[in-house]
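Visitor: So Swiss-Prot says this about it:
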- His83, His182: heme b b562 binding site (BINDING)
- His97, His196: heme b b566 binding site (BINDING)
- His201: ubiquinone binding site (BINDING)
- 33-53: transmembrane segment (TRANSMEM)
- 77-98: transmembrane segment (TRANSMEM)
- 113-133: transmembrane segment (TRANSMEM)
- 178-198: transmembrane segment (TRANSMEM)
- 226-246: transmembrane segment (TRANSMEM)
- 288-308: transmembrane segment (TRANSMEM)
- 320-340: transmembrane segment (TRANSMEM)
- 347-367: transmembrane segment (TRANSMEM)
Amino acid sequence: MTNLRKTHPLLKIINHSFIDLPAPSNISAWWNFGSLLGICLIIQILTGLFLAMHYTSDTLTAFSSVAHICRDVNHGWFLRNLHANGASMFFMCLFLHVGRGIYYGSYLYKETWNIGVILLLTVMATAFVGYVLPWGQMSFWGATVITNLLSAIPYIGTTLAEWIWGGFAVDKATLTRFFAFHFILPFIITALAIVHLLFLHETGSNNPSGINPNSDKIPFHPYYTIKDALGLMLLLLVLLILALFSPDLLGDPDNFSPANPLNTPPHIKPEWYFLFAYAILRSIPNKLGGVLALLASILILLIIPLLHTANQRSMMFRPISQTLFWILTANLITLTWIGGQPVEQPFIIIGQLASMLYFLLILVLMPTAGLFENYMLKPKW
């Protein structure tokens, strides 16, 4: 008798995705982040659902309702800390997942990669609208500054900004719709993640060598289920340490003050995971130029497959490209640091140089390195 998991219409899909899936035998821990992102999404949806049961999306009561969750709801403080720090873990895994894709040439699975970039943008949008909900000072002013960027769009900008606000400034209507967006977007992310997996399973996983692994595959279960379980334990350990011991480490102290439209905080800045893009935005002294650079800093990921010039897929055996990749990583860390600093020298010039280097590395230096490595591989005699 055939096993039920191989014949049942629903179980068959699960079986082909997580049990009998043929996986390359040599994929490293860098391939753990896909499953970790799935776990992060589940944690965020569950904690978010319970928080939404007690939250009120009204300007007069939003801040108080968050305080009420932390003080009066059973384990409400824990749910809130898990949700806030879960977002940080989500982005940490996202950045490592994208970095892995760039390093090992996974972007050559174009459909999977493009859906992944759309996923990244959707998660960023979700995190942004979510940050506004507690209605603290940084929530309010962050929303004001970022939504104001829409007004830089020629001709329709101001109308567009007012349409998003539901009035002439960030107010009650904005908070209500942001709560609605924050509730619906994770389910859209879940649907996109399923499509992402669907396209990935059309081709199968890439592997560190970048060579076609079809001749050497092993079943996903038990080999990679146990490997993913280890990653999950480490993720939960870090998340619990953050949520239980220093829940406010990655937050902004200004958000402990209720939103006040009459008092601007000295340094308006988003959460740490947006700082690299915020630094690129601020490094251009023109509003529209800054907005375009901000968009380009993320959308540039879409053209990475077109910029692949090397004969080898992975960077595993390409030392020059490796060096440039780690310079890019250091550059992004520098941009993250600059995004959190005030707009004054020497931070302005460092931010401008780092922003320039970011685009230069991706658009010019890395494709050139690929061509040079091709030349070096050719026999010279």
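Placed from the backbone N, Cα and C atoms, the Cβ positions cover glycine too.
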Visitor: Take the C-alpha atoms of the residue listed as 'ubiquinone binding site' and His83 (heme b b562 binding site) and report the distance between them in angstrom, rounded.
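Guide: Cα-Cα, rounded: 30 Å.
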Visitor: Given the cut-off of 8 Å on Cβ pairs that are 6 or more apart in sequence, determine whether the transmembrane segment (33-53) and the transmembrane segment (320-340) share at least 3 such pairs.
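Guide: No; fewer than 3 Cβ pairs under 8 Å.
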Visitor: At a Cβ cut-off of 8 Å, and with pairs 6 or more apart in sequence only, do we get at least 3 pairs between the transmembrane segment (288-308) and the transmembrane segment (178-198), yes or no?
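Guide: Counting Cβ pairs under 8 Å (6 or more apart in sequence), the transmembrane segment (288-308) does not reach the transmembrane segment (178-198), since there are fewer than 3.
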Visitor: Excluding the flanking five residues on each side, which residues at least 6 beyond the ends of the transmembrane segment (226-246) place their CB within less than 8 Å of a CB in that stretch?
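Guide: That would be 29, 32-33, 35-36, 39-40, 43, 78, 81-82, 85-86, 88-89, 93.
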Visitor: Which sequence positions outside the transmembrane segment (320-340), separated from its termini by at least 6 residues, show Cβ-Cβ distances below 8 Å to it?
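Guide: Beyond its ends, the transmembrane segment (320-340) has Cβ neighbours at 99, 102-103, 269-270, 272, 274-280, 282-283, 310, 347, 350-351, 354-355, 357-358, 361-362, 365-366, 369-370, 372-373.
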Visitor: 10 Å Cβ neighbour count around His196 (heme b b566 binding site)?
Guide: 21
Visitor: His83 (heme b b562 binding site) to His196 (heme b b566 binding site): how many Å between their Cα atoms?
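Guide: About 24 Å separate the Cα atoms of these two residues.
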Visitor: To see if you understand the setup: which same-chain residues, six or more apart in sequence, place their Cβ under 8 Å from that of His97 (heme b b566 binding site)?
Guide: Phe33, Gly34, Leu37, Gly116
Visitor: Report, as a single number, how many Cβ atoms besides its own are within 10 Å of the Cβ of His182 (heme b b562 binding site).
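Guide: His182 (heme b b562 binding site): 22 neighbouring Cβ atoms within 10 Å.
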Visitor: Given a 10 Å Cβ-Cβ cut-off, pick out the one of the binding-site residues His83, His201 that has the most other Cβ atoms nearby.
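Guide: Sorting the candidates by Cβ neighbours within 10 Å, the top entry is His83.
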